[in-house]
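Features as listed in TrEMBL:
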TRANSMEM  12-37  transmembrane segment
TRANSMEM  49-69  transmembrane segment
TRANSMEM  90-113  transmembrane segment
TRANSMEM  119-141  transmembrane segment
TRANSMEM  153-175  transmembrane segment
TRANSMEM  181-203  transmembrane segment
TRANSMEM  302-327  transmembrane segment
TRANSMEM  339-357  transmembrane segment
TRANSMEM  378-407  transmembrane segment
TRANSMEM  427-449  transmembrane segment
TRANSMEM  461-484  transmembrane segment
Amino acid sequence: MRTRKALYNTAASLALQAITIICGFIVPRLIIGSFGSSVNGLVYSIKQFLGYITLLEFGVGGVVRAALYKPLADHDLNSINGIVKATENLFRVIALVFVGYSLLVAGLFPFLVGNEFEWLFTFILVLIIGAGTFVQYYFGITYQVLLQADQKRYIASLTQILATVCSTILVVILVKQGAGIHMVMLGSAVVFITRPILLSIYVRSKYKITSRCTADQRAIKQRWDGLGHHLAYFLHRHTDVVVLTLFTNTREVSVYSIYYMVVSGIEKIMTTFSSGLEAGFGNMIAKKETVALNANFRLYEFISFTVTTIFFTSAALLVLPFVSVYTGGITDANYHRPAFAYILIMAEAVYCIRLPYHSVTLAAGHFKQTRNGAFAEAAINIILSIALVIQYGLMGVAIATLCAMLFRTIQYAIYLSNNVLHRSIRLFIKRCAVNILAAAAIVLLAQLLPAMHIDSYLRWCLYACEIMFVATTVTLGINGIFYARDLKNIAAVARRLL
């Protein structure tokens, strides 16, 4: 049952990420083409600044999931209701604080971007973009966390797919009809407001959720420990854009957003495996199934390293031709930034490598034990970003992110090996070495492919197929030599599911 639920979650999450990536390519290009790079950078920057409110979550999502695994496994309805009520109370307080925070950002943000836009233009845009976030906190996040803990993430994913598709269609229609950026963003916000309402209706009908219970504050007592993990993730998502907004301009933010759109699409696919499997690992840990935990983690680790190597090595070879085609005809900003692109890709690859270790650490509820590493990662990212951005610009913030990712990934691998899985760290080192070898081989073999002038999406797709074939063949071949047993076990699991 756990395997089947994990399959449902992973399949739905993959579908969501595919839709998100496709729609994510459509909307920014429309905005750049219709309103310019500065407006695209402004919208992207506003979203990042509004994202700071998520710090008030204290990382409670992961803490609550860990607290729910046991009562869900035991079908303890009273405990589930108590945890849900405590979580719901917290998120509603955050929603109300967010209203004040949005007004503050709306009032101050126009001064951060200087004279590029009128004060009222930016003020109203901030409030429109913030409306959807308010509704998410007030109605939907608690129930989304409950579904994730009960291995029903696919329900949340399906509602997100529906909202994303409808929002993109509406944005395309509004832009084609000549609507302004405010109306475009308002239309998108209205669509996403319906999602948390649908989740609330579903959960209350399926889980017998009642407000007539005592909030279990103990369930979120680890939120201060979870804050470290949440802070590290938050800074991974937001530091670069905030620093670029403060020290450069919205055009540079727009350039960053295009490259990050590419690598974040791959990251979301990788995160899908983590999100789909975390609850299953939490269930194994709650039931003290140590043998099953180690066996399944080994397969999870193999898949994560293999897919990361294939996707990110391919991305390094494909990103510049793609951006060239994607931004064709755009002359108000320089989008050709090879050094920045390669460093950003390496940083995101390192981040994805750590996902299995992060996932199982959270599933085990080891927030307090690993919080110091999270705070250190955040400090490295902030300090280096500010120190390097003035001289190196985009490349400076990418270098800072890479250094922070390397530190945290190594720290996670050491902690999990010693305290949860009780195995040698040499296994992690070997996997890194094997896949670095695979990446180097892919790059070398790609140079032997016939040269192709890429000036259209069709030509890029043909070239991408060639690169992906080489990357997949080489990575599976080299990993098959060193990890033949893992490859056979994964094939066996796939046959059982089919």
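Glycine is treated like the rest: Cβ placed from N, Cα and C.
With pairs at least 6 apart in sequence, the transmembrane segment (427-449) and the transmembrane segment (302-327) have 3 or more Cβ pairs within the 8 Å limit; the two touch. Counting residues 6+ beyond its ends, the transmembrane segment (378-407) has Cβ neighbours under 8 Å at 228, 231-232, 235-236, 239-240, 243-244, 247-248, 252, 255-256, 337, 339-340, 343-344, 346-348, 350-351, 354 in the same chain.
Listed stretches 12-37, 90-113, 181-203, 427-449 were compared with the transmembrane segment (153-175); the greatest number of C-beta pairs under 8 angstroms is found for 12-37.
Listed as Cβ neighbours of the transmembrane segment (461-484) (distance under 8 Å, sequence separation of 6 or more from its ends, same chain) are residues 302, 305-306, 309-311, 313-314, 317-318, 321, 430, 434-435, 437-438, 441-442, 445-446, 449, 452, 454. Under 8 Å from some Cβ of the transmembrane segment (339-357) lie the Cβ atoms of residues 236, 259-260, 263-264, 266-267, 270-271, 273-274, 297, 300-301, 304-305, 308, 312, 315-316, 319-320, 323, 394-395, 398-399, 401-402, 405-406, 408-409, 412-413, 415-416, 432, all in the same chain and six or more residues away from its ends. Within the same chain, residues 301-302, 305-306, 308-309, 312-314, 316-317, 353, 413, 417, 466-467, 470-471, 474-475, 478-479, 482-483 sit at least 6 positions outside the transmembrane segment (427-449) and bring their C-beta atoms closer than 8 Å to a C-beta of that stretch. Outside the transmembrane segment (181-203) by six or more residues, the chain places 31, 35, 39, 43, 124-125, 128-129, 131-132, 135-136, 138-141, 143-144, 146-147, 155-156, 159-160, 162-163, 166-167, 170-171, 174-175, 209 with a CB less than 8 A from a CB of the stretch.
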